[in-house]
Amino acid sequence: MKWNPLIPFLLIAVLGIGLTFFLSVKGLDDSREIASGGESKSAEKKDANASPEEIYKANCIACHGENYEGVSGPSLKGVGDKKDVAEIKTKIEKGGNGMPSGLVPADKLDDMAEWVSKIK
C-alpha cells in the first residue's frame, strides 16, 4: 500500500487550524476576565464594603503617595482647605489633568470625598 506524501502535511495543517480555532474560542471566553484585570465578583463585593482608606490604598497610593505627599499626582495634604467636598467629589468622579476617572465606586464617592477633605 502506497501512502501519499502530502498526508502528513495535511494532518499537521488540520491540527493547526483546529488548535487555532479552539484557542480563539477559549480566548473569547476569557476576555471578560482579562478586561476586568482578573478581578472576580467577590472583589466587587469587597469594594462595596471597603472604607475610603482601603480604596485609597488599592487605587490612589501609587500617584498620591503612602503619606499623601504626592508622587506623580499632587499632594493631598490640606486639600480640604483649598477645595470644598463637592469639588473633591467631582475631581474623584471625573478625573482630569492626568487623574483617571472611575477609580472609586459611585456609592463610595461621598465618603471618599469627605475623607480626602479631612487629610491634614
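Using the three backbone atoms N, Cα and C, a Cβ is placed for every residue, glycine included.
Note that the structure is a prediction, hence the values are computed from the model and not measured.
Over in Swiss-Prot, the protein carries these features:
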- 5-25: transmembrane segment (TRANSMEM)
- 26-120: topological domain 'Periplasmic' (TOPO_DOM)
- CYS60, CYS63, HIS64, MET99: heme c binding site (BINDING)
Looking only at the topological domain 'Periplasmic' (26-120), report the model's average pLDDT.
83
For the binding-site residues CYS60, MET99, work out the Cβ neighbour count at 10 Å and name the residue with the minimum.
MET99
Let me know the DSSP-derived helix, strand or coil state of CYS63 (heme c binding site), please.
helix
Can you name the residues of this chain that are 6 or more positions from HIS64 (heme c binding site) yet have a C-beta less than 8 Å from its C-beta?
TYR56, GLY70, VAL71, GLY73, PRO74, SER75, LEU76
